[in-house]
Amino acid sequence: MKKIQTLLLLAGMTFSSAQAIEVCSNHEIVGVKYQVSEIKNGKQTSKQVNVWRNKNAVLYEYPQTRIAEYWYKTPNASKEFLQLTRYFDEFKRGIEYQSKEIRSNNKQQHWNRLYHVFTPKRLAKYQKSMTKGQTCTQVSHYHIPNTVKQVEWLEHYQLPKSFTLGQKGSTYQWTLIELVSEQKQVLSRFSKRGEFKTTDYADVGDNESDEFLSQMINQGF
Amino acid sequence: MKLLTKISILATSVALAACNGDDGQNGTDGKNGQSSFVLQTVVQPGHAVCANGGIQIDSGLDKDGNGKLDAGEITSTTHQCKPTKTSLSQSDLLTNANNNWYVQSAKSVEDAKQMALKANNERGGAKNVILFVGDGMGVSTVTAARIRDGQNKGMKGEENNLSFDKFPFAGLAKTYNVDAQTPDSAGTMTAMISGVKTDVGVLGVDEDIERGNCTTVSGNELVSAIELAEIAGLSTGVISTARITHATPAATYAKSADRNWEDISDMPDAAKTAGCKDIADQLVNFETNLEARYDGLDVDGLEVVMGGGRRHFLPKDAAANSPDARSDIEGDRTDGRNLVNEWKAKYPNGDYVFEDDGFRAINPETAERIFGLFNESHMQYEADRSNDVAGEPSLTDMTEKAIKLLDNNDKGYMLVVESGRIDHGHHAGNAYNALEDTIEFSEAIEKAVRMTNPEETLIIVTADHSHVFTIAGYPKRGNPILGKVVAIGKTEPEKAADDKPYTTLGYTNGRGFMDLGAETDADAGYDQDIHAGRADLTDVDTTTPGFHQEAAVPRSSETHAGEDVGIYAKGPSAQLVSGTNEQSIIFHVMEHAIDLINKAETKLKP
Ligand SMILES: [Zn+2]
């Protein structure tokens, strides 16, 4: 039996030191599942977002819509370095977008947001109040005084355990519900989509006879 | 302005004279008398009766007493015309003759006369043929690109000419496919390169095919001009800025029941089992396949193949990635084959290149053949070329290198050059890229014109189909073509009925307005929404590369259009391009120009 290194981070739980010798799992290959809640005009909505990280690639899963976004950062490329493939799990198909088709001028910052979920640049504007836990499970607390804005930061993974944005009465909150460090489980999320048939976004216009694409053309994607 | 002169003459009522004898009873009052009118109207030169102008005189009675002479009340019309001229003196034409438009167009007629006199109708009068295809380059695209190019050069723009605007002969092509009013590139390029119109989505096969059904290919294959040129012993080349396995270039060398079978992973199992080959495979094995079809034929294969599309030639294995790979795994092939290596093994003296440095290092005067795959998918838009990871040659660079290599053959050559991404710019609803790619296409054509002898090389420029792209409103002369409509005499943009400004360029359908040029929020991500209809463009710079024009009908992708496209020609047999034609005429003009079928047949005779 393989040892499953899945740590459940439920509310009120603290990191246990279950492992006798603490060997930190690879922070470059990791999965984090978040509950994303938004409160606006007294109404609360929530959804789940799963983020899977594999070195130069990050996969965002949106289970509600069965859509996943695969972001790949080309190594050693200064300009055209960010590729996006949007996977439609229901159809086992994907659309590939090139860097220029991605709505962002600052690709590096965009990548940082994807990789860290919360950009370190933004975090630098917050005040650090305390740090708890051992090396692998260390969590630092950050906030901006007199606002609702706060972040719990997993130092080893450089990922948020939780963060809250917005203002009183209108907040946007990400809370970690599960951290997956078993590499096989993380990589399977990538390899599963790698089998899907993909289409270059530039080719969509010439492929209206394709049932999936024509459906997407009418629905918008 | 007409001068209306009304002269009214008051009619008098005359009382009855008294008779002798008793006076009778007074009679009833008589009716009022009618007024009579004479109407004089000044008529201008060009009038049906008074050719040089004069006065028209209408007369009659105002029967209905409404105080004017209505059309139905006119009983007589006469004219007093100015005297007619008996000769046209020089001074009469002075205003015309001193005008530059007049001088210019008179010269154009003289030039046309000379071209008609010199026209070479001889079969086989050309040694070489170059066919340039602008994918999706409809007439509105040509016009807008011409203006954009002129404005880039500091001109007002409209008066500018693209390289092929200056070609002496032009005609129109009806682009519809056998089964479709609005066509696609596969059916249209098959028509141009094989002389036979066919269905949407199929390559190198006639209309008896069933799209996607491999078993219907056999017996319906067409012969392409590139194959005939190859058999005839000419040098042959195919270039595209799209993937080299994409519909337009593929129609020159492949036969496929579906344009999307670019590599084996794109094919259904039934097609693989039935023995159909993917398009990339057909490209690498072009020579072998052609020789297999004709007994005893020995050809030397394509000398020039350049474009994008590495993904279809490489196995799905990161180990096969090119040094400048964009994706983690570049190749798509699921059969484990590396067609680049197969090509290298087949042509040990050939040069395979994947980036600009390697391309530049090739000496075309000594090179035997070039296989260039410069991108995993399509090559970059010209405007983005400088952003490419390892660097790509421009369409002009590729055209120049190709001609230098191909013209080493004394028997001549046939070259097909596609600007493949004009189409993609339009599908994305982004005129900027469509126009910049059209301008680069024009540059490549200019290069070919300068490098070739007009007495031995036929150059044809055309498009496979158009797009729903319009040049609208009443912008003043010289108004930036990517800008908002500013009317004659105005400096501020016009407003539509919704009180918002609007751009000159627009699309009938598509994604619609997007302003990526001004987007600074890195968190925004890729925009999923379709924004058809109107947007407030008041504070938007519509001339940036990231601006996407508005569209009326919401769709994720803008569509092709069904109107005719231009065919522009220069060189021997160019005069055969005239009038409105089925698109398949292009094959026949090329065939006539280099006497392709006879040359090929001679070669096949034992
Ligand atoms: Zn198209």
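Every residue, even glycine, has its Cβ placed from backbone N, Cα and C.
TrEMBL labels come from automatic prediction, so no person has curated them.
Quick look at what TrEMBL annotates:
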type     : residues                                                   : note
ACT_SITE : B:SER185                                                   : active site, phosphoserine intermediate
BINDING  : B:ASP135, B:ASP423, B:HIS427, B:ASP464, B:HIS465, B:HIS560 : Zn(2+) binding site
BINDING  : B:ASP135, B:HIS246, B:THR248, B:GLU418                     : Mg(2+) binding site
DOMAIN   : B:40-81                                                    : domain 'DUF7151'
SIGNAL   : B:1-17                                                     : signal peptide
Distance check against B:ASP135 (Zn(2+) binding site) for the recorded positions B:SER185, B:HIS246, B:THR248, B:GLU418, keeping those with Cα within 10 Å: B:SER185, B:THR248, B:GLU418
Cβ-based proximity (under 8 Å) of the recorded positions B:SER185, B:THR248, B:ASP464 to chain A, or none: B:SER185
B:ASP423 (Zn(2+) binding site) - helix vs strand vs coil (DSSP): helix
Local Cβ density at B:SER185 (active site, phosphoserine intermediate) - other Cβ atoms counted within 10 Å: 29
Within the domain 'DUF7151' (B:40-81), residues counted as helix, strand or coil by DSSP: 3 helix, 20 strand, 19 coil
Distance [Cα-Cα, Å, rounded] between the residue listed as 'active site, phosphoserine intermediate' and B:HIS465 (Zn(2+) binding site): 7
Binding-site residues close to ligand 1 - of B:GLU418, B:ASP423, B:ASP464, only those whose C-beta is under 6 Å away: B:ASP423
Distance from B:THR248 (Mg(2+) binding site) back to B:ASP423 (Zn(2+) binding site), taken between C-alpha atoms, in Å: 11
Most crowded position, judged by CB atoms within 10 A, among B:ASP423, B:HIS427 as binding-site residues: B:ASP423
Per DSSP, three-state class assigned to B:THR248 (Mg(2+) binding site): helix
Neighbouring binding-site residues, C-alpha within 10 angstroms of B:THR248 (Mg(2+) binding site) - of B:ASP464, B:HIS465, B:HIS560: B:ASP464
